[in-house]
Amino acid sequence: MHTVFRIVDITQIDNNYPLYQVELKLTSDDDQQLRTLTERIREEVTIGTEWQRMGNLLLKIGQFDKAEELYKLLLEQTSEETDKARYYHQLGYINNAHGDYEKAICHYENSSEICEKTVPLNYPLLAITYSNIGEVYRNMGEYSKALSSHDKAFEIRQKSLPSNHSDFGTSYNNIALVYHNVGEYSKALSFCEKALGIFEKTLPLNHPVLAITYSNIGEIYQNMGEYSKALSSHEKAFEIRQKTLPSNHSDFGTSYNNIALVYRNVGEYSKALSFYEKALEIFEKTLPLNHPLLATAYNNIGEIYQSMGEYSKALSSHEKAFEIRQKTLPSNHSDFGASYNNIASVYHKMGEYSKALSFCEKALEVFEKTLLSNHPLLATTYNNISVICQDMGEYSKALSFSEKACEIRQKTLPLNHPDWAISYNNIASVYDNMGEYSKAVSFFEKALEIFEKTLPLNHPNLATSYISIASVYDNMGEYSKALSFSEKALEIYEKTLPSNHPDLATCYGCIGGIYQNMEEYSKALSFYEKTCEIFEKTLPSNHPLLATSYNNIALVYNDMEEYSKALSFLEKALAIFEKTLPSNHPSLANSYDNIGVIHQNMGEYSKALSSFERARDILRHSLSPNHPTIRTVGENIEIAKQKLQGNT
């Protein structure tokens, strides 16, 4: 063994020059962990001729463009069929990495056709090729084809390898990922655990593949709502990487991203942001400035800022991600669609619905050009457009786009996939806004049925469904049913989420609203105050959800005829909205409308009229002319005018 050092830390000496201080620790000859790992890696990268090994090395370090040039040159120069199969295979791998899935399939199929004609059917490269074809089909959203390809790879390995060979672990991991994508989480977990069992028997305990498998298990637990198990799995992956990699290796960035996502799901946004920033810091130090993982890191930070209500920061992060992709990807790459959807989501939250719709339509255009007509990302985009149309009061359009999403899911996903529940929830929400409550309840119950079949009994998505159903029953005036469903949701949230989670606050708000409609104002106020307390502890002081909470408290005080208190809370809400939202956001209009109602109840009709007119002016810029809210504000204006005339 040559002299080998562990890299302990790398520190930049001077910000103006690329000079770094590297702290090294000398390894000893009897370092068994290093010896075992080195032997394994040597086996993985020293197969084939010198040029083939060079190509493998270029792929391992992410130099895909240089690797592509090399393999194309080698393909032109060789007359050996088995070498051609290998080069086609590697070109397919590169195409997949670039997101050019059709070319990837073409090259992989060229490789498999040569292998089937020239080598035994249990030839290892054939299994790897089928496995990689499966991964491309998974990326394309063709899950049944993906599963079929992985099964072929598994069958070849069964004929040629011992039952505990590490390649079986790879097959199990790949099959798990497909089941994960189609929402069959228990099957996905089972296959990941099989993979883990094999890797633990056949690989060094600090091998990178074990870290990847723990990461996969963590992601499955996360989607199952088992956040503590998810965090534990991601931490195991992190520990393995700590033992084998330098502290600034890009794989740590992946670990930090995964841990951040768990914290985001449990509502610990500051912790999530901290881990996302650690990931970004590592990627900035170790990767080229235009590397796709940097774009992903900025997207993640953008999403967490959106959850925190910091929309300008969210938009800035998503725009940075977009700029990176502009420098490195072809203009019709599907990742641009993802960027457009993310930017649309921020504009939607900001109430700039026309901009949000425009970016969603750009995403749709990209996906229609680059993906199959039944790809899940198209369904997601149709759903996003549906939600925006709904908020604009264009309910028939909203319904139409939700149904398009359903048509795609019908072709590609099992009927109990969680994405079906998202579609049903969207359709239900449209019917709820249209006042067709029985249809709304029916679709919400369909969503609930899917969650009950596919998720653990205490999963937060079940609680969300209960709240949605409670809200419809509240609108129908069936308050006891509404209260029953909201209490079911509360029971789940209290068992599974931290006591200061925003979803728990939302649930308290829902219960408060029901008690308000039941005219039990002290109970309503108590629940609204619980909501407010959580938001004040966990969100920035200017977060729109805090303003909404103040609005709700104000409306209870209005019902209790404590108008000065009501006005005070409404003014707090308005101050937040004015600081954080665009001047034409509907929430601003809602605040002015509520303030107008209080002034009217206080007999201050000119102030009421002024507030109502400001609300109307805002809504005219943000909603369609026939939106119900515009009609309601118009009626308030007429009442205020009549009251003024009656006083003169």
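Here the Cβ of each residue, glycine as well, is placed from N, Cα and C on the backbone.
No curator has checked TrEMBL annotations; they are predicted automatically.
Annotation comment: TrEMBL describes 48-81, 127-160, 169-202, 211-244, 253-286, 295-328, 337-370, 421-454, 463-496, 505-538, 547-580, 589-622 as repeat 'TPR'.
Mean per-residue pLDDT, taken over the repeat 'TPR' (463-496), amounts to 95. Remark: secondary structure over the repeat 'TPR' (48-81) totals 26 helix, 0 strand, 8 coil, with classes taken from DSSP. Within the chain, the repeat 'TPR' (421-454) has long-range Cβ neighbours (under 8 A, six or more residues past its boundaries) at 183-185, 379, 383, 386-387, 390, 393, 395, 398-399, 402-403, 405-406, 409, 415, 461-462, 465-466, 468-469, 471-473, 475-476. Long-range Cβ contacts of the repeat 'TPR' (169-202) within its own chain (Cβ-Cβ under 8 Å, at least 6 residues beyond either end) map to 131, 134-135, 138, 141, 143, 146-147, 150-151, 153-154, 157, 209-210, 212-214, 216-217, 219-221, 223-224, 376, 413-414, 416-419, 454-455.
Sequence-remote contacts of a segment are chain residues at least 6 beyond its ends whose Cβ falls under 8 Å from one of its Cβ atoms, and for the repeat 'TPR' (337-370) they are 99, 295, 299, 302-303, 306, 309, 311, 314-315, 318-319, 321-322, 325, 377-378, 380-382, 384-385, 387-389, 391-392, 544, 581-582, 584-587, 622-623. DSSP labels the residues of the repeat 'TPR' (589-622) in these numbers: 31 helix, 0 strand, 3 coil.
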